[in-house]
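K.L.:
Below: one structure in structure tokens.
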Amino acid sequence: MLSVSRHSLSIIRKPILCNSSQGYIGRSHLLSISTMSASTSNKIYVAVIGVGLVGSELIEQLLSIPRQTTPFELISLTSSTRTIFDAANPIAPGAAWKSLLAASAQKPDYKTLTEQLAALVAPNQKVAVVDNTSSDDVAALYPAFLEKGISVVTPNKKAYSGDVGLYERILNASKASGARFLNEATVGAGLPVISTLKELVATGDKVVKIEGVFSGTMSYIFNEFSTGKPDGPAFSSIVSIAREKGYTEPHPADDLNGFDVARKLTILSRTISSGSRTQTALPALQSFASVQTASLIPSALEGIPTGDEFISRLPEFDAHFSQLRADASAEDKVLRFVGVVDVAGGIVKAGLEKYSTTHPFATSLGGSDNIIMFHTERYGARPLIVQGAGAGAAVTAMGVLGDLFKLV
């Protein structure tokens, strides 16, 4: 079985003891030593757009790499109101970059930024833009960056799960220029989900189905709500606690509608379709809205304008969710909100499903963990499983930084 040890620095193969006898990739994965100590003779200029939680963490991780080994030169930062650019004097470790950005009088100008970065592209100099925003406007610029030879690295799901026209322009621009688009962090934060899938497809393995708990919010809610017992805490109380802990969006409906999972499934489905050697039965998704998504929002609460009002009215529907839990328990099963990319059946869907109390989705999850199972021809009856924290600034930034290392 394949395992990445929590504290190891290299991929190892060893037996795994678990009830399901599955192959696991553990909670953390690390870049190989050979990658981390790569030659720094070829520079990679990096421009970061978005300096919020994930962006700030990425900058700190980027600047923590020893100067004698890093291939990266951080030359530009852009927030929603300000920008700085200086290719001659990259931001150094320990620099007060927040103060530098706050003191800048320059306003964001993406056309100018594109021209400045394009001028740096050379045989021994790569350039990358990192988009840490959730902006549709920035996502729409990816083809323009790629056309100029500027690679794009991002945790932003918008471009890869939105309109198929934008996605196709990204593919075509990357193919034409050779610049890369890397989006590991769009599905599992720092978990090796996209890279695992790409390698399975590229090496000719036939992906039969992917299923998983892709939402940290939904994971927490149903890990607490449905444990196999017929009773337990009220659904509304768990959603309320999840909101207080910061696991949900300010308006919980933005999680309970399942759209975040639908976006991730769209990305996985498109990754399979674009990388497969032969045509698959998967539908040509026009956007994430094409995914069959079963929202958990009661129809009477659709359109509630505020999160506070939504939480106050959610107890009206506790009996409904309690009955679902009791029905699952009667079958010795638990409830989990899962996403499925059924390649063989040509179905992409997200919704509430029942799983045996001995299934990994019931026994292996804790807190807000994600878990993704890859059913493939080569792995047969024992699917490859990737599990661990699928959200949080530190692991998301790690996933982005890992993508940057792929440019080395």
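Yeah, the Cβs are placed from backbone N, Cα and C, and that goes for glycine too.
Not my notes, these are from TrEMBL:
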type	residues	note
DOMAIN	50-182	domain 'Aspartate/homoserine dehydrogenase NAD-binding'
BINDING	Gly50, Val51, Gly52, Leu53, Val54, Gly55	NADP(+) binding site
BINDING	Thr133, Lys157	NADPH binding site
DOMAIN	192-404	domain 'Homoserine dehydrogenase catalytic'
BINDING	Glu249	L-homoserine binding site
ACT_SITE	Lys264	active site, proton donor
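How about a rundown of where these features are and what they're close to?
P.N.:
Counting only same-chain residues six or more apart in sequence, the Cβ atoms lying under 8 angstroms from the Cβ of Gly50 (NADP(+) binding site) belong to Thr78, Ser79, Val130, Asp131, Asn132, Thr133, Ser135, Val138.
Around the Cβ of Lys157 (NADPH binding site), 22 further Cβ atoms fall within 10 Å across all displayed protein chains.
Restricting the average to the domain 'Homoserine dehydrogenase catalytic' (192-404) gives a pLDDT of 96.
Around the Cβ of Lys264 (active site, proton donor), a 10 Å sphere holds 29 further Cβ atoms from the protein chains shown.
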K.L.:
Among the recorded positions Val51, Gly52, Leu53, Gly55, Glu249, Lys264, whose Cα is within 10 A of the Cα of Lys157 (NADPH binding site)?
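P.N.:
Cα within 10 Å of Lys157 (NADPH binding site): Lys264.
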K.L.:
In sequence order, what residues of the same chain, 6+ apart, have a Cβ less than 8 Å from the Cβ of Leu53 (NADP(+) binding site)?
P.N.:
Ala393
K.L.:
How far is it from Val54 (NADP(+) binding site) to Glu249 (L-homoserine binding site), counting Cα to Cα, in Å?
P.N.:
16
K.L.:
Cα-Cα separation of Gly55 (NADP(+) binding site) and Glu249 (L-homoserine binding site), in Å?
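P.N.:
Per the Cα atoms, Gly55 (NADP(+) binding site) and Glu249 (L-homoserine binding site) stand 19 Å apart.
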K.L.:
Give the sequence-ordered list of residues that share a chain with Gly52 (NADP(+) binding site), lie 6 or more positions from it, and have CB atoms under 8 Å from its CB.
P.N.:
Asn132, Thr133
K.L.:
CB neighbours of Val54 (NADP(+) binding site) within 10 A?
P.N.:
25
K.L.:
Per DSSP, what is the residue count of the domain 'Aspartate/homoserine dehydrogenase NAD-binding' (50-182) in each of helix, strand and coil?
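P.N.:
Counting residues by DSSP class gives 55 helix, 23 strand, 55 coil.
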